[in-house]
């Protein structure tokens, strides 16, 4: 009867039967050996990729990163639009920088930017459900009625 060899454990099992293989493969030592094998394999793959990238860079096949070197003396790189910074020419300063306060948006929103939920100060229609809007479904309505504030600090169930 042929014996079963486990490459991960570097050992032969007593005989090649499904029950013996199943018992062996569910064992703690075998699972550790499998984990170690694939851990080493991933490390080898990563090192190989690093070596190939380094060789390609040294041969000039990969250009250096655009911002890897410091900018020359006197050069100023503007911050990305998402980062705060001094206002650039032609831009309106942010309200916290001493400029005029921003007016709230008036009128309908631009196409494709429909507000979600009722308009400020409006309550949903009787029954508590919002009318269906075109587009993908958002969230299902809450299981219990919404609490709508009547006065600051006071709430009552919506009817």
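Positions of Cβ are set from backbone N, Cα and C atoms, glycine also.
Copied over from Swiss-Prot, here are the features:
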type	residues	note
COMPBIAS	63-92	compositional bias 'Pro residues'
MOD_RES	8	phosphotyrosine
MOD_RES	17	phosphoserine
MOD_RES	52	N6-acetyllysine
REGION	62-96	region 'Disordered'
ZN_FING	4-36	zinc finger
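What Swiss-Prot annotates, mapped onto the structure for a quick look.
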residue : record          : DSSP (3 states)
8       : phosphotyrosine : coil
17      : phosphoserine   : coil
52      : N6-acetyllysine : helix
**Asked** At the Cα level, what's the spacing in Å between the residue listed as 'N6-acetyllysine' and the residue listed as 'phosphoserine', rounded?
**Response** 44
**Asked** Restricting to the same chain and to residues at least six past its boundaries, which positions have a Cβ under 8 Å from a Cβ of the zinc finger (4-36)?
**Response** none
**Nearest-integer angstrom distance between the alpha carbons (Cα) of residue 17 (phosphoserine) and residue 8 (phosphotyrosine)** = 18
**Request:** Indicate the candidate from 8, 52 with the smallest number of other Cβ atoms within 10 Å of its Cβ, considering only these modified residues.
**Result:** 52
**Message:** On the 0 to 100 pLDDT scale, where does the zinc finger (4-36) sit on average?
**Reply:** 94
